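The structure appears right after this line, and notes come after that.
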């Protein structure tokens, strides 16, 4: 009797909540192609771990202290990634393999712990650590100390404009193409692009390299590099949205060419989500959520410049571009989880990768403030307040413009919940692309296909699904 009283039957809301959170935090693999890659191999990994540790512990030369420390750190990272594959969640993506995204999450946890460790060091210890990683950093200089910015802006010649198309211009272009692939909204991408140029103006008194001529900011940065990258990224998004994916199993492909093509397709998304950051029923919570998204995005970008300015290393140094690539890698699942949290009322909490990304952004800012107190003592509080107000205004203006566009030019359609197949809101409208859209966390179904949707959902329940390498029916 006591056990009956103590037990609690989960309500429908509790079940929906757990299901919705799991869809963005623990995506399951459906339509498994090669069973070997999705079977649990825990005993094999355990044996490999023990044997490899014994081999390196008793056979390598440990007479060089620096090599001992370096190889020990690499071994810790390597085996932590093995634990990540075994224990961490898949996240919202499953292509090319869930193990990859578990390792991405594991690397983000390691970086988070490394930032916590840095907070308990002094500046000399941090610099000694950097010199140990790369002795050439002893002779590094700040770009702002050897270059001039925003000089002779009234002189505009073709030679001067062409000279600005360097490797960094191509970096801007491809960087914004990738950002457009992640955000998938013209309005939000353009808002972030313009807001970043305003951010440079407000923080120009701290970072001299933010000073640019007006034609460099408006024409080269916003219109050509950023705008071209946004256009390319959105074209790719539109192509993926209109494309129908038929993920055939290797067992169903009998030609060598077909098997090779299927292997290449394994490194493309299983499906693509049509993203709607804004809808005509947006509330204050939606505005606040997108405002927070833009603030964290701008903060992450600012950290890139403050870190290399405070700790003195060039933008071309591996410490800079490796961090940029790493942040880009963890941004993909982060944006996906935050979008689901922001747009689906059934998702009551953010995913773990999104949580870790937010902590990393603020920890990097704290590290910059601690070790750059001389720099931040020159901060003009008025500029920071105006920057926050400017971001808030542009967020509201962009949201209002997107809502106005949706109300006047959007097509009224039934829409399904971001994480749930069977629920929709018929009174929300926004512009929709052609064809049926899918997502990494489950295909979006068209309202007219309710019968086929139900049958497909029943069929999916009978297929094998994998979570953290453990297969279950």
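Cβ from N, Cα, C; glycine included.
Residues or ranges marked as N-acetylalanine by Swiss-Prot: 2.
If you look up Swiss-Prot, you'll see 2-35 (among others) marked as topological domain 'Cytoplasmic', on the strength of sequence analysis. In the predicted model, the topological domain 'Cytoplasmic' (2-35) has a mean pLDDT of 55.
Per Swiss-Prot, the feature transmembrane segment maps to 36-56 (among others); the stated evidence is sequence analysis.
For the topological domain 'Lumenal' (57-72), DSSP puts the residue distribution at 11 helix, 0 strand, 5 coil. As annotated by Swiss-Prot, topological domain 'Lumenal' applies to 57-72 (among others).
Feature annotation from Swiss-Prot assigns transmembrane segment to 73-93 (among others); the stated evidence is sequence analysis.
Residues or ranges marked as topological domain 'Cytoplasmic' in Swiss-Prot (evidence: sequence analysis): 94-102 (among others).
Below 8 angstroms of C-beta separation, residues 77, 80-81, 83-85, 88-89, 91, 129, 326, 329-330, 333, 352-353, 356-357, 359-360, 363-364, 366-367, 370-371 of the same chain, each at least six residues beyond the ends of the transmembrane segment (103-123), sit close to that stretch. Summarising the annotation, Swiss-Prot assigns transmembrane segment to 103-123 (among others) and lists sequence analysis as the type of evidence.
The annotation topological domain 'Lumenal' is assigned in Swiss-Prot to 124-186 (among others).
The transmembrane segment annotation in Swiss-Prot covers 187-207 (among others).
The topological domain 'Cytoplasmic' feature in Swiss-Prot is assigned to 208-216 (among others); the stated evidence is sequence analysis.
Residues or ranges marked as transmembrane segment by Swiss-Prot on the basis of sequence analysis: 217-237 (among others).
Swiss-Prot lists 238-286 (among others) with the feature topological domain 'Lumenal'.
A Cβ distance under 8 Å defines the sequence-distant neighbours of the transmembrane segment (287-307), meaning residues of its chain 6+ beyond its ends; these are 188, 191-192, 195-196, 199, 203, 206-207, 209-210, 277-278, 320, 323-324, 327, 338, 341-342, 358, 361-362, 364-365, 367-368, 372, 375, 388, 391-392, 394-396, 399. According to Swiss-Prot, the feature transmembrane segment maps to 287-307 (among others).
Counting residues 6+ beyond its ends, the topological domain 'Cytoplasmic' (308-319) has Cβ neighbours under 8 Å at 126-127, 130, 133-134, 137, 140-144, 168, 207, 209, 368, 371-372, 375 in the same chain. Feature annotation from Swiss-Prot assigns topological domain 'Cytoplasmic' to 308-319 (among others).
Summarising the annotation, Swiss-Prot assigns transmembrane segment to 320-342 (among others) and lists sequence analysis as the type of evidence.
What Swiss-Prot records for 343-355 (among others) is topological domain 'Lumenal', and it gives sequence analysis as the kind of evidence.
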Self-check item: Counts of helix, strand and coil residues, the topological domain 'Lumenal' (343-355), according to DSSP
Solution: 5 helix, 0 strand, 8 coil
Quiz prompt | Tally of DSSP helical, extended and coil residues in the topological domain 'Cytoplasmic' (208-216) | solution = 6 helix, 0 strand, 3 coil
Quiz item: In the same chain, which residue numbers or ranges, 6 or more beyond the ends of the transmembrane segment (187-207), come under 8 angstroms Cβ to Cβ?
Solution: 144, 176, 179-180, 217-218, 221-222, 226-227, 230, 233-234, 277-278, 290, 294, 297-298, 301-302, 305-306, 309, 375-376, 378-380, 383-384, 386-387, 390-391, 394-395, 397-398, 401-402, 405
Exercise. For the transmembrane segment (320-342), name the stretch out of 73-93, 356-376, 384-404 with the most CB-CB pairs under 8 Å.
Key: 73-93
Quiz prompt | Chain residues outside the transmembrane segment (356-376) and at least six past its termini with a C-beta under 8 angstroms from it | solution = 105, 108-109, 111-112, 115-116, 118-119, 123, 126, 206, 296, 299-300, 302-303, 306-307, 309-311, 330-331, 334, 350
